[in-house]
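Novice: Shown below is the structure under consideration.
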Amino acid sequence: MAELKYLTGFGNEFATEDPRCPGALPEGQNNPQVCPYGLYAEQLSGSAFTCPRPANKRSWLYRILPSVRHKPFAPVEQGALTHNWDEAEPEPNQLRWLPFTVPKPNEKKIDFVTGLHTLCGAGDAKSRNGLAIHVYTCNTSMIDRCFNNSDGDFLIVPQLGVLLITTEFGKMMVEPNETCVVQQGMRFSVEVFGETRGYILEVFGAHFELPDLGPIGANGLANPRDFLVPTAWYEDRKVPSGYTVINKYQGKMFAAQQDFSPFNVVAWHGNYTPYKYNLTNFMVINSVEFDHADPSIFTVLTAKSTRPGVAIADFVIFPPRWGVANNTFRPPYYHRNCMSEFMGLIKGHYEAKAEGFQPGGGSLHSIMTPHGPDADCFEKASQADLKPERVADGTMAFMFESSFSMAVTKWGLDTSSKTQQEKPEDHG
């Protein structure tokens, strides 16, 4: 396919139209009596109308048919996707997952939606406050199916395989070492090109935003100019056999039928969009003399709570960087935290657990559960010659950190062949 084009910026006011229909965007107003090309004007609101202007999120879509043209939603099988945080007993121990198994295509065809599995979470989609952490494992593309999350935003982190994501706003190609966000209410379909695996952070009641920089200044961490937003693309396609719109609503799965593709938006404008980001563009801040700065300096995106400085969830990465601190134990320090920490590994070897923590797996350190480097890492780092050195070259680890006390789902605990409690002797 032709190389995809993107708009640049984070939270900007964008405007785009498919070049096949020049002039599709109305001039000077949002909702004219008759839209160009006979299109329908439809607003997608990501915030209350009366939110302060900096927090007000909405886009206007100009489409061939309105999205209201569908048959009623009906419940469908939801597999291992859940928001039931009481289905298993609380588990305060450190947990680690081996790489999540991707089904072979010749065994069973699994697309992005049927391959969703919930690991842990907390809070409530009904009261619009909380989060869920999922993994996806799939081997086939979504055909005449799209997904709509009415509960919250999906931050998707591919680990194995490329995702071609078609949205109402256009297309995004998302590769390992990139991330993308599809915000609440946006319909999308996922095409894959083989065995595919990754992680998802879902937040209820807040949208992701860039962290405040404070004394860092105007530049640094994830710079706004490096975020990419799709340009308008549409298909005018009838589907007489039925197109399925899957809707996650209050943690349950529903499906409705319609006879046309939902990706029929010819033009759009606004600031409520899907977007993607290449993690290699992150401008790393680090200690240059002694001791550690806290890992919050590696925050890419945050979903803020109502308490200042406290997040529903942060997306944090541990990218390649220089380590130069003097008289300092350079790996991550031993820690007990008032936050929950889920870690994943996209590629390479995580510096604090070089052997036991594998790409495509994960770990969960619950609130106030002790964690830190394993014994081998501790011994090596305690005796290391502290010369300037590259840290984590060829590696990209990340963390979903939350102020919520997360519960592990029954599926997460039942994957016993893939889950192991970290051993006390693994710690120095």
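The backbone N, Cα and C atoms fix where each Cβ goes, glycine too.
Pasting the relevant annotations from TrEMBL:
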- HIS292: active site, proton acceptor (ACT_SITE)
- HIS335, GLU341, HIS371: Fe cation binding site (BINDING)
- TYR350, HIS371: homogentisate binding site (BINDING)
- 5-279: domain 'Homogentisate 1,2-dioxygenase N-terminal' (DOMAIN)
- 281-420: domain 'Homogentisate 1,2-dioxygenase C-terminal' (DOMAIN)
Novice: Can you check how the pLDDT averages out over the domain 'Homogentisate 1,2-dioxygenase N-terminal' (5-279)?
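Specialist: Taking every residue in the domain 'Homogentisate 1,2-dioxygenase N-terminal' (5-279) and averaging pLDDT yields 97.
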Novice: Using DSSP, tally how many residues of the domain 'Homogentisate 1,2-dioxygenase C-terminal' (281-420) sit in helix, strand and coil.
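Specialist: Reading the DSSP string over the domain 'Homogentisate 1,2-dioxygenase C-terminal' (281-420) gives 19 helix, 47 strand, 74 coil.
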Novice: What is the one among the recorded positions HIS292, HIS335, HIS371 whose Cβ has the most other Cβ atoms less than or equal to 10 Å away?
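Specialist: Output for this query is HIS371.
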Novice: Within 10 Å of each Cβ, count the other Cβ atoms and name the one among the binding-site residues GLU341, TYR350 with the highest count.
Specialist: TYR350
Novice: Write out, in the order they occur in the sequence, the residues of the chain not among HIS335, GLU341, HIS371 that have a C-beta within 8 Å of the mean position of the C-beta atoms of the recorded Fe cation site.
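Specialist: My list of surrounding residues reads PRO332, ARG336, ASN337, HIS365, THR369, PRO370, GLY372.
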